[in-house]
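Visitor: Quick one: this structure, given as structure tokens, is what I'll be asking you about.
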Amino acid sequence: MTIDHQHIFVGGQWIAPKSTQRSNILNASTEELVGSVPKCNNEDMDRAVAAAREAMRSLAWAGLDGKGRAQHLRRFADAVERRGQQLARSVSLQNGMPINVADQLESAFVVSLLRYYASLAENLVEEEARPSPTGSTTLVRRDPVGVVGAIIPWNFPVALSIFKIAPALAAGCAVVVKPSSGTVLDSYVLAEAAAEAGLPPGVINWVPGDRGIGSHLVSHPGVDKVAFTGSTSAGRIIAEACARLLRPVTLELGGKSAAIVLEDADLDALIRSLPMSSVLNNGQACFSCTRILAPAGRYDEVVDAIAGAVSAYSVGDALDRATVVGPMASAAHRDSVQRYIELGTGEARLVVGGGRTSQDRGWFVQPTVFADVDNRSRIAREEIFGPVLSIIRYEGEDEAVEIANDSEYGLGGTVWSTDHDHAVTIARRMETGTVGINGYMPDLNAPFGGVKSSGMGRELGPESIGAYQRYKSVYLLG
């Protein structure tokens, strides 16, 4: 059964798009048609931005305090929760995320995130009186930045939408969302939840389409801030556009994270964590630790342990509960990953995988492990975004840190050791926005983001609300 959407959600209503073009959505595991949606044009995007601007002027939204916004966020969370299974299944069909992962990260985690920001909104301090050294008083306000243009990637389409929507709404902004063209069906489920929750018209608008309308959104005169998650190359283009406009932007971009395995590491713990820390979502996670740094004295042991684990992973349909690694999100991306694997066979020693799977249909690649990898090689330096691990030898902890930091990226990382305090000492030396000790899982109460070519700004945590606010000082002089 296919799902055919004819309308878009703009201004709190389901309206017919001006564009007559359509986009087909395929099942990543079977290549079968699962749905179609409008492919919107710039005129459709203009209507969405206008609706968001009207919401910023309307007392139904602009007139609410933090407690009022919190009530809307909680109702939205409840409506999303009722659609949890539908959301998870939708994502798994479209991008190949194993259903067990989608249940957690594209459903349960998203609901928790909305409720977390509802709590923050409820206790938000939006104005404070500060005494001046001159004897007067100044009111310092934190106002919403205005209309936010949010551009969403295909790898975690629900979670990364809510990473932006929840803090923006908590701050009092209105949002125009441009989902990835490959994962659109889930955005319709979120829009249905927003409608059921009774969010004021124009507070959230969803406009599906290609990169052209995304560019139009970024440079639109009615947009006050841009939030983007995606590739570093696209992020640079967006950063340049926002710089010309002096428009604030949050960018969460690529990564090539390192896992530093120390001499005293518990290898069993490392192996248990690999599906989350290194192969999550079939390797299609920006923070994945795909460079495994192993000490020379335990190098062969680490290689054998990882090879044994990865070779046993069940590869199959994303909706199969037994699947550990599903397909890539598209045929083009599968081909890109496969090219990197072929490149790697000339740069390093292939230990596991290296080819396509036995499936007749679907965009699958074999989980692959390379050993004897030089950190200067392309497979160690470029983001592959697939289930491909590179194991790199180091001679001492200083060299391990040096190798980990020798990357244009700096988003994630892990340190593996039975000495917790020492692991934290190593983590402090890593040039990256986030580091996990003996595992990796972003914390919704802590800022998430990268350094260097992995982006600018932070999402998650209370800090994220500040990204959607601007300061105003009111001098009380008489």
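Backbone N, Cα and C atoms are what each Cβ position is placed from, and that goes for glycine too.
According to Swiss-Prot, the record shows the following:
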SITE      N155  site 'Transition state stabilizer'
BINDING   G230, S231, T232, S233, A234, G235  NAD(+) binding site
ACT_SITE  E252  active site, proton acceptor
ACT_SITE  C286  active site, nucleophile
Visitor: Sort the residue listed as 'active site, proton acceptor' into helix, strand or coil using the DSSP assignment.
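Guide: Note: the residue listed as 'active site, proton acceptor' is in a strand by DSSP.
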Visitor: Going by C-alpha positions, which of the recorded positions (N155, E252, C286) is nearest G235 (NAD(+) binding site)?
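Guide: Checking each of N155, E252, C286 against G235 (NAD(+) binding site), the shortest Cα distance is to E252.
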Visitor: Cα distance, E252 (active site, proton acceptor) to S231 (NAD(+) binding site), nearest Å?
Guide: 8
Visitor: Drop a 10 Å sphere on every Cβ of the recorded positions N155, S231, T232, S233 and tell me which sphere holds the fewest other Cβ atoms.
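Guide: So among N155, S231, T232, S233, the recorded positions given, the one with the fewest Cβ atoms within 10 Å is S233.
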Visitor: Sequence gap of 6 or more, C-beta under 8 Å: which same-chain residues meet both conditions with respect to E252 (active site, proton acceptor)?
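Guide: The answer is L160, F163, F228, T229, C286, L411, F448, G449, G450, S454, G455, G457, E459.
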Visitor: Using a 10 Å radius around each Cβ and all protein chains in view, which of these recorded positions has the most neighbours: A234, C286?
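Guide: Counting every other Cβ within 10 Å of each candidate, the maximum falls on C286.
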Visitor: Reduce the DSSP letter at N155 (site 'Transition state stabilizer') to three states and note it down.
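Guide: DSSP call for N155 (site 'Transition state stabilizer'): coil, neither helix nor strand.
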Visitor: Restricting to the same chain and to sequence separations of six or more, state which residues have a Cβ under 8 Å from that of G230 (NAD(+) binding site).
Guide: I151, P153, L253
Visitor: Excluding G230, S231, T232, S233, A234, G235, which residues of the same chain place their Cβ within 8 Å of the centroid of the Cβ atoms of the recorded NAD(+) site?
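Guide: Residues close to the NAD(+) site, other than G230, S231, T232, S233, A234, G235: R236, I237, I238, L253, G254.
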